[in-house]
Amino acid sequence: MCEGLGITKFGLVSFADITHLMYSLTPYPITPIGMFFGFLLALLPLAPRKETKNPAIWMYALWVAVTNLQLFVNTIIWHQSFDIIAPVWCDISTRLQFVAPIAVRACTLVLSIQLYRLTHMNGVTFVKSRRCAILSMAFMLGFPLLIMALYIIVQPFRFTIWEEIGCIPETVSYVAYILVSGPELVFSVIAAALIPFSLMKFWQAQKNSKLTFGARSSYKRKMVIVCFDTAFNLPPLLYSVIQDILAGKENPSNASYRSWHAVHHGEAGLSHPEWGVDTILQYPASVWSKGRWAVLAIKWEEWIFVAHAVVFFAVFGTTTDMKDLVRNCVRGLGRTLRRKKSSEQGMKQMGRADNSNFVAFNSIPSARPVPRRSSLSMWSDGSQDLESGDHGALSAQTLKTDTPREDKSELLHLPPGFDTVLRSVSAPQDADSSTATDSIEAKAGLGGLDIV
């Protein structure tokens, strides 16, 4: 083969074409969008399953969701970049990547064991089920955390940064087979061995109608998860292990573990003598994407967890509880939007009403409201007090001030000669006030005073 050329299923292409082959198949927005949807699809089926007592389902979904989330962040931060941006995040991300396959295989094995026990045992007591739940949690959570702590044994560098991918963990020495590939392989093989026995017993029980509808539905859903994980992870894992072994000394995983100092100070055959456990390596896409298997392996590790999330949602996200939850959420959202719309319309109508009232009030500037007066306040408007004794003058002035801009004829129907009576009463200043008042009342009664 000529230097600078490579053969793929697309024909004879250059290494530059191989470099950009990945970007043409999965452009930048597609990868983080897929990871984000994988994160959501893995968590949504857990919402209506709050009362479930199966820890394997929860842990499987959580490990898949966490893996998709950290891959989503990596692909965004290191898009067209391989700079050292977030070293602390890389420390967390690389350890999650290191144990995520082991944790998912552990959850699959627990589900497989549950299916086997369901079809081969008639009943389980509460004590046994509680003990099994505790052991399952220790196996699905405690064991991966233990492997995460042991990662330092085979860690030659702090981490490596690959452009468009993000932080990647590195391992050295054959001990990596024991810590990483070994547990994955053992868990997948045991789960694959239990599948035929579980299916055989399930078909027999279903044929004899020994299982209820709920038990059959739960069994089928769990079996789909176990079969999918085993079928899509065991063959690639076997192929990867065989390829690493056949690579010989070219693969750092085949190096001997001489000492702790040799692994962490560049004496294990992988690192430069000046590199150590604090070293951070950086690779542009033009370097790492030249290898066809490297591109395939990286893309497989990215999208296999998205596939896990999609299958998990298709299995557990189509239940009756999930449908009811989605229906209630849609109805609640619709009610909220309608309530908000009606409130906005009410506010607009109130605003229009206020504006119309304001315009009507200002449209007649001469119209001023006349304050209502009580009997006491009406008498208090006179220029003299009641104690002065001039009741006639006060009465005449009150009639003039009560209706400042109105015609008196509209309010008072005065009989003939009434004005003369008023003048005759108010003329003598030295008359007795009581006599003047009596004469007013007498003549008003004879004249027939009519107040409207």
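Using the three backbone atoms N, Cα and C, a Cβ is placed for every residue, glycine included.
Automatic, uncurated: that is what TrEMBL annotation is.
The compositional bias 'Polar residues' feature in TrEMBL is assigned to 374-386.
Feature annotation from TrEMBL assigns region 'Disordered' to 365-390.
Panel annotation: around the transmembrane segment (28-46), residues 57-58, 61-62, 64-65, 68-69, 71-72, 75-76, 79-80, 164, 302-303, 305-306, 308-310, 312-313, 315-317, 319, 322 of the same chain, lying at least six beyond its termini, place a Cβ under 8 Å from a Cβ of the stretch. Taken from TrEMBL, the feature transmembrane segment covers 28-46 (among others).
Sequence-distant neighbours of the transmembrane segment (58-78) (same chain, 6+ residues past either end, Cβ-Cβ under 8 Å): 28, 31-32, 35-36, 38-39, 42-43, 45-46, 52, 85-86, 89, 92-93, 96-97, 100, 103-104, 107-108, 110-111, 137, 140-141, 144, 161-167, 225, 302, 305-306, 308-309, 312. Annotation comment: TrEMBL describes 58-78 (among others) as transmembrane segment.
Per TrEMBL, transmembrane segment is recorded for 98-119 (among others). Counting only same-chain residues 6+ beyond the ends of the transmembrane segment (98-119), those with a CB under 8 A from a CB of the stretch are 54-57, 59-60, 63-64, 66-67, 136, 139-141, 143-145, 147-148, 151, 169, 180, 183-184, 187-188, 190-191, 194-195, 197-198, 201-202, 205, 215, 219, 222-223, 225-226, 229-230, 233, 305, 308.
Residues or ranges marked as transmembrane segment in TrEMBL: 131-154 (among others). Away from its own ends, the transmembrane segment (131-154) comes close to residues 53, 55-56, 59, 63, 95, 98-100, 102-103, 106-107, 109-110, 124, 169, 171-173, 175-176, 179-180, 183, 257, 260, 263, 277 of its chain (Cβ-Cβ under 8 Å, at least six residues beyond either end).
Summarising the annotation, TrEMBL assigns transmembrane segment to 174-202 (among others). The list of residues near the transmembrane segment (174-202) in space but at least 6 beyond its ends in sequence, with Cβ under 8 angstroms from a Cβ of it, reads 98, 101-102, 105-106, 108-109, 111-113, 115-116, 118-120, 143, 147, 150-151, 153-154, 211, 219, 223, 226-227, 229-230, 233-234, 237-238, 240-241, 244, 253-257.
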